[in-house]
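Beneath this line is the structure, given in structure tokens, with notes to follow.
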């Protein structure tokens, strides 16, 4: 069960309620309430627990409103059924006399056609009899039912408007803002939907403080993405925002994590693009996808296009192994990036589109693309201070024994990448559990209590994990990255 599932179910419940499908809405509301109840058992933070309890109460109020609407509609159905039964029981003899109704003001009908007939020109004989009362018009059951239906619809509209107001009052943990829709005229609908799926509308929930070290990279990304929206009058002319940033470094150093932090912190539309997004088996569609991607980014600006492993899309041109279709895609990507819409083409820097790229093979990237990615920064292996900070971030949810010395562990991790350090922490956190279940049967393992499983991690566990987990980056690779960044870097 995830928070994303709760959010989607709340959205579906409200949509069904607004559309009048109250049975389906109640199913989703009940499911959301059950999901939140289960989630509350896993929340240990008191403040967060109170917030989610408040969310549960507000959603429960919505569900009660929907139940009241369903009861009201059910009562209307019963009334209409009894009215039809009474209509069938009315006598149909011509001899009975109806009482005169209350006069009702009626609007004149536009241009009624008169029937010319000699049969009904003479009045009926019984209308001239003394004491006889002419049968008056009696409102039919059908008209009463239509009036009642209008009342039901007006009440439903009031409930819908009330539901919208309550939706606006709910916390941001559940509600989502509605965005403008991109006009897909001239493009294949499937292509537009494929790119819209790559827009990260949900929060990746990675903050700047979740990333250890990499201070210079954080400052550069904030300068390239955040500051132009805060100070648009400053970032004009030669100070226009950077159109492209390339992150270069060994695997596991935090390049993709920095991109997630940009999507979380910078409040821009974030496109997560890979090689599968921009390739198609049909001739010419890959180039259309590239152009459509940038047009959508300009529409949803300010926007950030993150291309992970960009060397797989835009490798060096002119090689013997290059295919014609691949060359056309690279050409379209280069053309679109040169007109991405910085201050040189758009007077408002807050409507910028920035390309953020990451690669482990910078030497394979095309020279023209390297020129368009104006900032080329090196994401190195973490320093001793960064390794210790990363250990604290990875172990903040674990209970550590008193003998654990993080500084000593960080010193023993020289040459480890961020991903390697995370693997060491994960392996060390499982050591106590492995010792506890050693020699037990599956039935005995299932009967273990929670306290027995959650034992503190000791220094010995980290020493054993370091022996099992080796570093994944060689010294020769580091030397090659440093040589490239000295020659082509732009920090």
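Cβ atoms are placed via backbone N, Cα and C, with glycine included.
Copied over from Swiss-Prot, here are the features:
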- 249, 250, 251, 252, 253, 254, 255, 256: ATP binding site (BINDING)
- 145-169: compositional bias 'Basic and acidic residues' (COMPBIAS)
- 42: phosphoserine (MOD_RES)
- 1-29: region 'Interaction with KATNB1' (REGION)
- 1-185: region 'Interaction with microtubules' (REGION)
- 1-75: region 'Interaction with dynein and NDEL1' (REGION)
- 87-183: region 'Disordered' (REGION)
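The shortest Cα-Cα distance from the residue listed as 'phosphoserine' to any of the binding-site residues (249, 250, 254) is found for 254. In terms of local Cβ density within 10 Å, 254 ranks first among the binding-site residues 250, 252, 254. A Cβ within 8 Å of the Cβ centre of 249, 250, 251, 252, 253, 254, 255, 256, the residues given for ATP, is found for these other residues of the same chain: 358, 360, 379, 417, 418, 419. Its own atom aside, the Cβ of residue 249 (ATP binding site) has 24 Cβ atoms within 10 angstroms in the protein chains shown. The region 'Interaction with KATNB1' (1-29): residue composition by secondary structure is 24 helix, 0 strand, 5 coil, according to DSSP. Ranking the recorded positions 42, 253, 256 by the number of CB atoms within 10 A of their own CB puts 253 at the top. Most Cβ neighbours within 10 Å, among the binding-site residues 251, 255: 255 holds that distinction in the structure as shown.
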